[in-house]
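Record features, source TrEMBL:
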type    : residues                       : note
BINDING : Cys523, Cys526, Cys563, Cys566 : Zn(2+) 1 binding site
BINDING : Cys532, Cys535, Cys550, Cys553 : Zn(2+) 2 binding site
DOMAIN  : 291-460                        : domain 'Helicase ATP-binding'
DOMAIN  : 536-713                        : domain 'Helicase C-terminal'
Amino acid sequence: MFFVEVILPLSLAKTFTYRVTEAEFHFVKNGMRVVVPFGKSKMYTALIIDKHQNEPTLYEAKEIDQILDEKPIVTQFQITHWQWIASYYMCAIGDVYRGAMPSALLLESETIISQKQSVTIEEAELTDDEFLVYQALQHQSSLRIQDIIAILNKKNVFPVIQKLINKQVLVLHEEVQELYKPKLVRYVRLHSKYDLNSGLGDLLESLKSATKQREIVLAYFQLSAKDKQPISVKQLVETANSSSAILKALIEKQIFEDYFIQEDRVNFIGNPQENTLELSVAQQEAFHQIQTSFTTQEVCLLHGLTSSGKTEIYIKLIEEQLASGKQVLYLLPEIALTTQLVGRLRTYFGDKVGVYHSKYSTNERVELWKQVLEQSPKAQIVIGARSALFLPFSNLSLIVVDEEHEQTFKQVDPAPRYHARDAAIVLANYHKAKVLLGSATPSIESYFNAQSNKYGLVEITERYGNVQLPEIELVDLKDSYFRKKMTGHFSTTLIEAITAALSLGEQVILFQNRRGYSPIIECLTCGNVPQCQQCDVSLTYHQHKNQLRCHYCGYAMAKPTQCHSCSSIDLATKGFGTEQIEQELQAIFPDAKTGRMDQDTTRGKFGFEKIIDSFKNQEIQILVGTQMLAKGLDFNNVSLVGIMNADTMLYHPDFRAFERSFQMMTQVAGRAGRSEKQGKVVIQTYNPEQNTIQQVTRNDYVGMYKEQLYDRQIYKYPPYFRIIRLTLKHRDFDKVKEGSMWLYQVMSQNLTMPVLGPEEPPISRIRNEYIRTILIKIPQTVPIGSTKKTIQKMLMSFEAVPQYRSIKVAVNVDYY
Ligand code: ADP
Ligand code: ZN
Ligand code: ZN
């Protein structure tokens, strides 16, 4: 008898054994997908990770239903890496598999399918089965796998669906609709009836009396002689020093024709610039130090000021790898950053850059997956957010983790709750690849690892072009309110600085950390604040839609006209978010063009790009935003950054609050003055003397590091202790309270290390589920593997208690 061992895309820790025929056994390889029945009537796409002849003893192996692949689509490197993630982060291998694969490669019986809009289908090219599915979708907008099984009257429908997805006929239903189309740029070319190499004499002759038009044509020849890049309308009109009306006349005469290209695709067309990048002396030195460090160490931390030109150093390092045909992975904390970076990298590497992140459709992700698998030159460099770590690399030589301190590298929910930086280091190890971590404000952990020689350390202490760091001015809010030097939330100092910047045609960024400081509605008579019915939080006021909304579960209601508690109509808004800041701003600077960047204005695939584009193009003068602004965006005309209130970040109940505040303030401040002129930063705070704020002002990273390190040792936190956080959830308040107490007691009796809790978190109910947390602190000196085994055992005995079985427990290793 012949068997395969498979992973199912379910939260199951075990692998499962299925039967195959002898012929199938010889055909299949690890890393191929098979469709298997599971449970009563469900079908799943499973992954083969082993083949053998050992019959399972506990159950009777079912037969597989279908083999989906002709060759492996998952590499052995990936399987090993996924097993490491499951074991280190204490989750099911099925969770990792499900999280790693683009959903189009993971059809299951629940999947809903619909027809792709706005594509023309060549009906003749469909097989009979494919046509039947296609036809059914002309009558109803979506189908379940079950429906398709009925329509085709057979069980094995996954291959048909997969083919239809590949042929762009079908899409999975969950795909987000694209709301914003990427910006199209208008280009011109000579009408197809002309040929650049002949007959131009005639053309110019015919324009002899139309001098202005002739000038445009001449400018066009000039530009196209220089390089083969497409010529935009704007560029042509500017070069000819002409007007678009004259160009329009030429288009009407059919001498030129215009066409559009999506802005982010432009670099695909031309050749990448002959490498014009010259490193400065400081960059050159850092570059060599990194290379030297790589001869003895696997990981190097590049600690360089904001705007010191770290990206250019990454580019040089990548360039070295390309010649050898190896693959490079470039991880970013935030997909919002990809457009800017992809643009920068494509200038050097042309079409060798692939992009991978969750806002891409599953078809786009499948395409990149295949390119990486085939080691296609089109995906030799992959830029992506943390999930790019799961791609089928077979030949990695370098992983860059940019802004390595960012907490978005840690996945919170659902499992696997992995840290992409740490998982990248493990992945690199399998490939014998090097890892470069980069940041202006490294995480305490990474800097500690560098200090203790676990990582190499390279520092750049000057900005590129010797631009000065911005001058930082602190405004004492207590004093300003007392002296009535405030207009709304704006101090006179900040208003004057904005006025000065605007008068010079410079741009301004205002930073408002919205978390924990959202606008709410309060009754002035009884003090009632409307709460979410399902979560333990106040509803947030959104003026734009005149709604109250819950940021945790999405619940929304119209803004009440009277208090639900005492019926008073005296309601007032309290607290301030980005929206209110923007509104006050418009009142103070009625002529300035303002924009806002936060979770509400950046929905949709191109939400970020839209705002970043308009700020870059200077259609927006003052940009108000949340933490998204802190992440490595490069704007050259920003001379002023205002931090509306530094205190909200500082006093978060979290052991990383000071570290994060330092990072956030230093990073937003770093957006100011990136070209010749020194920039300015105004920080408004009630505590100008507070240590972290002082450290930001002095750009004293090491001071911050030492102070925090000292605290971490005393209070038993990373890097001295590893933190595992258990989160228990249930709709029954008493049950979760008792259950968490039970688990806490068992844990503290069986572990010889600090166990804290069970704690009621600041937000102790979300979507009607009550929450308790338990924190386990494992000293670095204790082997983590055996501790995890003990924890796992206790979790199993917890599950075995009948009344606690329904409590959900989430394990977060290296809680961030
Ligand atoms: P960082 O990532 O360290 O904050 P960047 O890589 O964004 O810094 O560089 C800051 C600015 O300086 C960017 O506008 C970049 O284009 C420019 N720059 C950096 N190095 C060079 C170089 N060697 N040649 C030309 N421009 C550079
Ligand atoms: Zn809610
Ligand atoms: Zn009231």
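Count begins at 1; order follows the chain as displayed.
Using N, Cα and C of the backbone, Cβ positions are placed for all residues, glycine too.
Listed in sequence order, the binding-site residues among Cys523, Cys526, Cys563, Cys566 whose CB lies under 6 angstroms from an atom of ligand 2 come out as none at all. Here the C-alpha separation of Cys526 (Zn(2+) 1 binding site) and Cys550 (Zn(2+) 2 binding site) works out to 22 Å. For Cys553 (Zn(2+) 2 binding site), other Cβ atoms within 10 Å of its Cβ number 15.
Classification of Cys523 (Zn(2+) 1 binding site) by DSSP places it within a strand. Those residues of the chain, other than Cys532, Cys535, Cys550, Cys553, with a C-beta within 8 angstroms of the mean position of the Zn(2+) 2 site C-beta atoms are Gln533, Gln534, Val537, Leu539, His551, Tyr552, Gly554, Tyr555, Ile766, Arg767. If you average pLDDT over the domain 'Helicase C-terminal' (536-713) in this model, you get 85. Cα of Cys563 (Zn(2+) 1 binding site) to Cα of Cys535 (Zn(2+) 2 binding site): a distance of 20 Å. Selection of the binding-site residues Cys532, Cys535, Cys566 by a Cβ distance under 6 Å from ligand 3 yields, in sequence order, Cys566.
You'll find the Cα of Cys566 (Zn(2+) 1 binding site) roughly 26 Å from the Cα of Cys553 (Zn(2+) 2 binding site). The two recorded residues Cys523 (Zn(2+) 1 binding site) and Cys532 (Zn(2+) 2 binding site) have their Cα atoms spaced 16 Å from each other. Other Cβ atoms within 10 Å of the Cβ of Cys550 (Zn(2+) 2 binding site) number 21 in total over all chains. Of the binding-site residues Cys563, Cys566, Cys563 has the largest number of other Cβ atoms within 10 Å of its own Cβ. When the neighbouring Cβ atoms lying within 10 Å are counted for each of the binding-site residues (Cys523, Cys526, Cys532, Cys535), the highest count belongs to Cys532. According to its DSSP assignment, Cys563 (Zn(2+) 1 binding site) is coil. Taking the centre of the Cβ atoms of Cys523, Cys526, Cys563, Cys566 as the Zn(2+) 1 site, the nearby residues of that chain (Cβ within 8 Å, site residues left out) are Leu524, Thr525, Gly527, Asn528, His564, Ser565, Ser567, Ser568, Asp570. In the three-state DSSP scheme, Cys550 (Zn(2+) 2 binding site) falls into the coil class.
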